[in-house]
Amino acid sequence: MTVEKSVVFKAEGEHFTDQKGNTIVGSGSGGTTKYFRIPAMCTTSKGTIVVFADARHNTASDQSFIDTAAARSTDGGKTWNKKIAIYNDRVNSKLSRVMDPTCIVANIQGRETILVMVGKWNNNDKTWGAYRDKAPDTDWDLVLYKSTDDGVTFSKVETNIHDIVTKNGTISAMLGGVGSGLQLNDGKLVFPVQMVRTKNITTVLNTSFIYSTDGITWSLPSGYCEGFGSENNIIEFNASLVNNIRNSGLRRSFETKDFGKTWTEFPPMDKKVDNRNHGVQGSTITIPSGNKLVAAHSSAQNKNNDYTRSDISLYAHNLYSGEVKLIDDFYPKVGNASGAGYSCLSYRKNVDKETLYVVYEANGSIEFQDLSRHLPVIKSYN
C-alpha cells in the first residue's frame, strides 16, 4: 500500500546520533536538526524506497555542519526509518560537511547495490567556485558509499575518484549532478557530475559524467559540456547520453554520441523548461512506453522569479518531437529562500508494480509523493 504523500525528514523535527551513539545536538527546537536540503532517491527491486538528503544540523547554509541522512521505507512511503548514512569528518564543528547526494541503484556483478556519492569539505567557508587555485582544491573530496542489503546499512567504497580528478589537472572540485545517476543498458554505471575548473579555464562551471563497470574504478571522459554548469542529470537515449542542465532561465540540454568527448545541443529538451532567474536543480529520468522512451522531468516553475523557487512541477518530454507537457504542479507553494526547489524522481517497474515517486524540498523539510497515477498520461506522450 503506497501513501500518496508523506514527510520524509521534518525540519526541526528529527534527532540523530553520531558514530558513538551520542545525540547530535542541532540548532532546531529541542536540539533537532535545523534544515534538510538536496534530496536524492532510488527504488529497489523489492520496492524499497531509499531517500538521501543533507542533514544541515545548525543552519540552511551550504557552508555549515552537514551529514548525509538516509530514510528507508518498505511500505510505499507511509513510514520511514531514518539515520545518518554518511558522517562528516568532525574536524570543524562549524564547517565539516558531506553534502549534495547523488545515488544509483544497480545490479553490480549479480548483486543489487545502492551507491550514493557526496562532496566533502572541512574548512572552506565560501562557495566552491571561490576555490580555483589548485587542481584539486586541498580541502575537497568526493566520496562514495554503498549498500548491498536493500538500504539497511552503508559502507565506504575505496575508489580512484580523487586520483582521476588529480590526474586531469584542470579541475578544482567535482560534485555529483545531485539527485540520481543511472545504469546504462550495457551495464556501465554513470554518475552525472558538475565541476569547478581552475582559474586558467575560461568557463568556471562545466558538466560531464563519470563511469564505471564495478563501482570501484571510475573514469572521466576527455571532453566537457562547457559554458553551462551546476547541477545536471544524464539519461540514455538512442545510443547517446543526454545531459539536462540547470541554467538561469531556460534549462539547457546537450547530447554526446562519443561517450563524453564532444557535446552538441539536444533540441528535443534544450530550452524547453523555464526555471527563471537563478535557475534550479532538476531531475530527469526516462520511462519506457512501448518500444519508445519518454523523459519525465521535475523542477520549479519559480513564478516569483527568485530563490523561493515556487511550484515544483512534473513535466513530460517527447524525445522525438520535442514537445513538452506540464503534467502536475505537485508542490504549488512558495519555497523558503534559505533553500528551496530541489527534487528527485524515481521510476521503477517490478514484476507486480510500476511506480513513479518524487521527493522534494518543502520549507526545510523533505516530502515524498507518489506520482504513479500520472504514468498513463506520461506514457502517451511518446
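The count begins at 1 with the first shown residue.
Just so you know, glycine gets a Cβ as well, placed from its N, Cα and C.
Between CYS103 and the candidates CYS42, CYS225, Swiss-Prot records a disulfide bond only with CYS42.
For the repeat 'BNR 4' (254-265), residue counts in helix, strand and coil come to 0 helix, 5 strand, 7 coil, using DSSP. Helix, strand and coil residue tallies for the repeat 'BNR 1' (71-82), in that order: 0 helix, 5 strand, 7 coil [DSSP]. Across the repeat 'BNR 4' (254-265), the model assigns an average pLDDT of 98.
For the pair TYR342 (active site, nucleophile) and ARG309 (substrate binding site), the Cα-Cα distance reads 9 Å. For the pair ARG37 (substrate binding site) and CYS103 (disulfide bond), the Cα-Cα distance reads 15 Å. Reported as a whole number, the C-alpha separation between CYS42 (disulfide bond) and ARG309 (substrate binding site) equals 24 Å. Cβ proximity to the substrate site centre (mean Cβ of ARG37, ARG246, ARG309, cutoff 8 Å) flags the following additional same-chain residues: GLU231, VAL280, GLN281, ALA300, GLY339, ALA340, GLY341, TYR342, GLU361.
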